[in-house]
Amino acid sequence: RHGAVKNEDTFKTSPFHFDLWFYFTLQNWVLDFGRPIAMIILPLEWFPLNKPSAGDYFHMAYNVITPFLLLKLIERSPKTLPRSMVYVSIIMFVMGASIHLVGDSVNHRLIFSGYQHHLSVRENPIIKNLKPETLIDSFELLYYYDEYLGHSMWYIPFFLILFIYFTGCFTPVEEESRMPVAALLLTGPSSLYYWYLVTEGQIFILYIFTFFAMMALVMHQKRKGLVLDSNGLFLFYSFIITLVLIALWVGWLWNDKILRKKYPGVIYIPEPWAFYTLHMNNLHAAKESL
């Protein structure tokens, strides 16, 4: 039966999935992190503003490849996992990523018209002068679909699937609780991508709850004499380093008054693209004027 845990597979272990983790990290960097960069650096005449950009095609590829890799990762788990929950999560993931594709496409194209990500929708000079004013409500709706609904339906199932996989990454064999060199080499790029995912996606609460759940599970399984295998260690250490990177990022921008205004409240974690449009764009403009 789907979702049942077989006695015979409870203590099975699996080697480090270098191929899957490598493809996963590579496509995350190229298709997710790289999509807004591709949109900016490629000539505008190749992708007119009223047509999908290069970044949109990257996003489309991401929406197909990532669910496939997640399913393959679940298939390789040494433990039989709840398939129904996995399938529903994959469906929600695709829906959320697709919603985000539309909203993010329009929002990033607005950069060419002077839209500034470090400002709210209503504070943007190109938005607040729109007539009639009800158009501003439409742009706020677009922002809601992009930054809130799309992100929630994208990232919640994404982290849920990773956690479901993590539950099967335990072994009673102490010698198998170590990371091979390949895993150590991938930990850095993987952690850096998760830093980008958490900060740009504004999903710190989701990330930290997932991390706390991982820690609780590790301590619970340790009482049973079980330890993380190489794949579990890779995920766990990636999340730990991500937390360190987030702390360094927040500490660096702690006294930035403009970003503080954009991100009020107790949890202050600026988006990298807001930092870019605020500081890096100004730097580029200053160089061009020289």
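Glycine is no exception: its Cβ is also placed from the backbone N, Cα and C atoms.
According to TrEMBL, the transmembrane segment annotation covers 20-42, 57-74, 86-103, 154-173, 203-220, 232-254.
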_Check the transmembrane segment (57-74) against the transmembrane segment (232-254) for contact, please; criterion is three or more CB pairs under 8 Å, pairs 6 or more apart in sequence._
no
*Taking residues 6+ outside the transmembrane segment (154-173), which of them lie with a CB under 8 Å of any CB in it?*
11, 13, 70, 73-74, 77-79, 81-82, 85-86, 88-90, 92-93, 96-97, 99-100, 197, 201, 203, 206-207, 210, 213-214, 217, 221, 225-229, 231-232, 235-236
